[in-house]
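As recorded in Swiss-Prot:
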- Arg335: active site (ACT_SITE)
- Lys159, Glu243, His278: ATP binding site (BINDING)
- Arg587, Asp588, Ala589, His590, Gln591, Arg660, Thr921: substrate binding site (BINDING)
- Asp588, Lys756, His786, His788: divalent metal cation binding site (BINDING)
- 41-493: domain 'Biotin carboxylation' (DOMAIN)
- 163-360: domain 'ATP-grasp' (DOMAIN)
- 579-847: domain 'Pyruvate carboxyltransferase' (DOMAIN)
- 1116-1191: domain 'Biotinyl-binding' (DOMAIN)
- Lys756: N6-carboxylysine (MOD_RES)
- Lys1157: N6-biotinyllysine (MOD_RES)
Amino acid sequence: MAAPYRQPEEAVDDSEFIDDHHDHLRDTVHHRLRANSAIMQFQKILVANRGEIPIRIFRTAHELSLQTVAIFSHEDRLSMHRQKADEAYMIGHRGQYTPVGAYLAADEIVKIALEHGVHLIHPGYGFLSENADFARKVEKAGMVFVGPTPDTIDSLGDKVSARQLAIRCNVPVVPGTEGPVERYEEVKAFTDTYGFPIIIKAAFGGGGRGMRVVRNQADLRDSFERATSEARSAFGNGTVFVERFLDKPKHIEVQLLGDNHGNVVHLFERDCSVQRRHQKVVEVAPAKDLPTDVRDRILSDAVKLAKSVNYRNAGTAEFLVDQQNRHYFIEINPRIQVEHTITEEITGIDIVAAQIQIAAGATLEQLGLTQDRISTRGFAIQCRITTEDPSKGFSPDTGKIEVYRSAGGNGVRLDGGNGFAGAIITPHYDSMLVKCTCRGSTYEIARRKVVRALVEFRIRGVKTNIPFLTSLLSHPTFVDGNCWTTFIDDTPELFALVGSQNRAQKLLAYLGDVAVNGSSIKGQMGEPKFKGEIIKPKLLDAQGKPLDVSQPCTKGWKQIIDQEGPVAFAKAVRANKGCLIMDTTWRDAHQSLLATRVRTIDLLNIAHETSHALSNAYSLECWGGATFDVAMRFLYEDPWDRLRKMRKAVPNIPFQMLLRGANGVAYSSLPDNAIYHFCKNAKKCGVDIFRVFDALNDIDQLEVGIKAVHAAEGVVEATVCYSGDMLNPKKKYNLEYYLALVDKIVALKPHVLGIKDMAGVLKPQAARLLVGSIRERYPDLPIHVHTHDSAGTGVASMIACAQAGADAVDAATDSMSGMTSQPSIGAILASLEGTEHDPGLNSAHVRALDSYWAQLRLLYSPFEANLTGPDPEVYEHEIPGGQLTNLIFQASQLGLGQQWAETKKAYEVANDLLGDIVKVTPTSKVVGDLAQFIVSNKLSAQDVVDRAAELDFPGSVLEFLEGLMGQPFGGFPEPLRSRALRNRRKLDKRPGLYLEPLDLAAIKNQIREQFGSATEYDVASYAMYPKVFEDYKKFVQKYGDLSVLPTRYFLAKPEIGEEFHVELEKGKVLILKLLAIGPLSEQTGQREVFYEVNGEVRQVSIDDKKASIDNTARPKADVGDSSQVGAPMSGVVVEIRVHDGLEVKKGDPLAVLSAMKMEMVISAPHSGKVSGLLVKEGDSVDGQDLVCKITKA
């Protein structure tokens, strides 16, 4: 029993929700409209359809003073067309009909109409619009069917009958079967006579369903079965007919109108050639560049055919025009068409109004629609915006529309259906959201309007075809107006899509996740201590006036590198009278104190001031080392993007990076070509000075990096890693060792010599001796010294280096200095100021910069290691500064936090066991991993040696012993090495000699296939960290570029009602406000998070990771696993063609999906054996749900 739609909790008629004022207003409007619509004698119209076409009809009906009635299925109860009518009634009761079946329930629809006093029924298009039995039932019930007579529908709705009619009228047709065919053998007989290609068409209905082009015998049977199945599913009749397929024809259709007195007029033609799967995608009216004589013949034939059957109401005669401009009749569609809008725009005629008034008895002459009065003006183009994913074969997308903003403006018409924020797009119906029609005085003006309108749309939450439509309308062939019916299939470059960035919604997804689940940044402990605005410092000149820092400083040591080259730079540094400073705040300082977590946005925020305050600095250490992988791994930033932005903001100070020799910035050796490629791109992107080191001081490993930097034309700072205590005669690494190493390095022609004291164990007297000895031996070689202040002697050591002849020493801004970081820049400047070693920096400016970092450190307080002071014990355990804080964190994560003192002692033991090696990344990690292994397993040094053959050592330890990190000075420890390696190989040369060169071109293609685009910088990142890079790219695909998000909101959620700003790019700012966090849904385990974005409320659904729910979702296919076959779209499985264990070949059908009245075959991506079949017939699946696996033979 049909009944008005009711809210579940209240059995109240909809009209009770409309107050008296609105009733009065509606009646007044109806009265005034009726006064201008004398032709209309009826009062109420029902539209037997859904989506946009009922809304279109309701609007005209209201203009004609008709009351309107909508019908809807249970699944459509929230659809917009229900709300646009005066009354709305559900078809049957819940579960009585399928979603599509409800709109095919002719008896039920007629019953609803009778019960509610309907006088006219408009069928729209699709569903029952071409069903003669439905038209008869309407008329038999005493109502008026807005369309042709039932007999006309019978004669023309059947394409075979229409074809026979054309032949009788001497209108040309394409060769085809004389009547409908029901058996495969009949189709086979036709192809035996006429050959291929052919087209199989459903005899009833349209929209491309039940239609297949077949080009060879192998596909014939399957295509016939699919076409008949689709036709039966969509139209209730599986009858098809067959025609010879024309290659590259145009599809031209003529809009017709006929009255009840035998009068027929045409409203000119439309070019509907741009199609996909025989469904129209873009339509143009009138056809551009159609020869006049051809147009006239087509129009004449269309009218002739309509008159021959006394055609009544609106209809469309369709023709194909081949490349010789010969036209062939296809069919007459006895209904209104989706694309009727463009005809309305060029003729000024409301076709729906004409339909209704003709049905009410009006003649064409009464409506002013005689042929001599009908003309066209300008051009109109229509696009159908759908929820389809062009990158996945236009598979329909489903889900919730999170954002919906329409286009508009001069010449833009929108006919919408369920396009609105909050709409749920289901797999049950057609995927169209809105029709966008644009008109202009010329074809080109109309085309440009459509492109502009498409760009103006903002639709989020579901994929749309807008990027494809934009590509299509911008293609030269479309611009020229020369498209044909298979143009989309024949033009693969249309799919080189530039998708919408969807930045705001992706950002909301991240912010929503932080709001629900808190920060997921690894290593973060709690929320920041400081959440206020960071005050930027002012730099004052000698007169106390603020310097203009709106632009960066452009004078510094980098200009010598750029203008004169690395050699001239090295000479200038050596000739400089003072001792220059390298500021490590932008890299090693925050690596040592804040787990390398400082983000790009916070560096850029102080960049201009830095370029002025440190304009005479030797360099800024700001890239490479751990910052490279941490940027991707934990901060979700592109390290190359960081480098580019920093370089632009600081153009005057040389940038220095840390290069791990033959490792690049990775933790193990890579093929040589990967190192050369990396250095070339790093130099191109902004690095000036490459501090090249090897973790074992292996000169062969070091040589790879040095030569790579030379090839990139960068400044080579070849580095000696300092370890131990050279003043202690019992220690392994003495002055002779270091001088011999320097000799080997100098032979490789570096521009600068670096000394890298990773643990801060270079005592002042040792510094004076080492630097002084090198200076004496190499008086023209610039020397740069790096240290950590772990023991508290860093300032003294750096001053000793300066006095012994070093040209540059390292320091960090005061508030980021000391302990495991570098010594204080303020202390060094104060100590050297006014001496012959004066660094030439303005102490007041340096202090001003520090005021910024003092605030910023509080913002990053969740990453503090909570060290309280210097640790002279470093002279014993020799743990590098950068590793010390990480080791503390790792120990706590492994449950060893209470045994920190024991861990430090174990570090000494591990170092001795490994042969007292040089300890810097990655060898320091080897020692650290072995130390934690010893503590967690409660092992002694002797236990490790004795049980080495049975212990499962950490991977890094085995890699070191194997020789993958190079050759240590003094050799590997025996018998530990042999016992631990067991049957693993032992390398006696540098690892790179055993590695095949990377196929960089193949990597680039792989990245492009996986992520849509690829740069050389992407290739370099992948070469260093394949898995980290892929995870980062996937994260960005989900959440977008988070580098623009202020750190306060990156690490913690805002307060409810707090407003904050995010600058996406110059001049584009999002104004955001967290409004509410919804309750937990027990069904989904999600919470709705509500944000206000530029004054507009948006919501995102977030998984609550703390919730415990029964997850009934199907597993998803892993796109990176070629054996896994995923559903290409959401839908219902209508047929299974395989079973577990079956051998299949590439392209064999596995299953058939039906969605949005379309069937799609899931084919085998490669040959192999089927396993793990997870679906059965009748199952509903979502896009990318795992269907089965196919294991390659």
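Including glycine, each Cβ sits where the backbone N, Cα and C put it.
Comparing the binding-site residues Glu243, Gln591 on other C-beta atoms within 10 angstroms of each C-beta gives the minimum for Glu243. On the backbone, the CA of His786 (divalent metal cation binding site) and the CA of Gln591 (substrate binding site) stand 14 Å apart.
For Arg587 (substrate binding site) paired with His278 (ATP binding site), the C-alpha to C-alpha distance reads 59 Å. The ATP site is set by Lys159, Glu243, His278; from the centre of their CB atoms, other residues of the chain with a CB within 8 Å are Ile199, Ile200, Lys201, Ala202, Met211, Phe241, Ile330, Glu331. Helix first, then strand, then coil: DSSP counts for the domain 'Biotinyl-binding' (1116-1191) stand at 0 helix, 38 strand, 38 coil.
The binding-site residues under consideration are His278, His590, Arg660. Their Cβ neighbour counts within 10 Å are lowest for His278. Packing around Ala589 (substrate binding site) is summarised by its Cβ count: 30 other Cβ atoms lie within 10 angstroms of its Cβ, all protein chains included.
Between Asp588 (substrate binding site) and His278 (ATP binding site), the C-alpha separation comes to 61 Å. Cβ neighbours within 10 Å of Asp588 (substrate binding site), excluding its own Cβ and spanning all shown chains: 29. A straight line from the CA of Arg660 (substrate binding site) to the CA of Lys756 (divalent metal cation binding site) spans 12 Å. Here His590 (substrate binding site) is compared against the recorded positions Glu243, Arg335, Lys756, His788, and the shortest C-alpha distance is to His788. Annotation: no recorded positions among Lys159, Glu243, Arg335, Gln591, Thr921 have CA atoms within 10 angstroms of the CA of His788 (divalent metal cation binding site).
Of all the recorded positions listed here (Arg335, Lys756, Thr921), Arg335 has the Cα closest to the Cα of Glu243 (ATP binding site). Binding-site extent for ATP: residues Lys159, Glu243, His278, maximum pairwise Cα distance 15 Å (rounded to the nearest whole number). Sorting the recorded positions Lys159, Arg335, Lys756, His786, His788 by the number of other Cβ atoms within 10 Å puts His788 first.
The domain 'Biotin carboxylation' (41-493) scores a mean pLDDT of 92 in the predicted structure. Taking a C-beta cut-off of under 8 Å and a sequence gap of six or more, Thr921 (substrate binding site) has these contacts in its own chain: Gly625, Ala626, Arg660, Tyr667, Ala695, Pro880, Gly882, Gln883. For the recorded site, Ala589 (substrate binding site), the DSSP three-state label reads helix.
Those residues of the chain, other than Asp588, Lys756, His786, His788, with a C-beta within 8 angstroms of the mean position of the divalent metal cation site C-beta atoms are Thr584, Asp757, Met758, Thr787, Asp810, Gln822, Gly881, Gly882.
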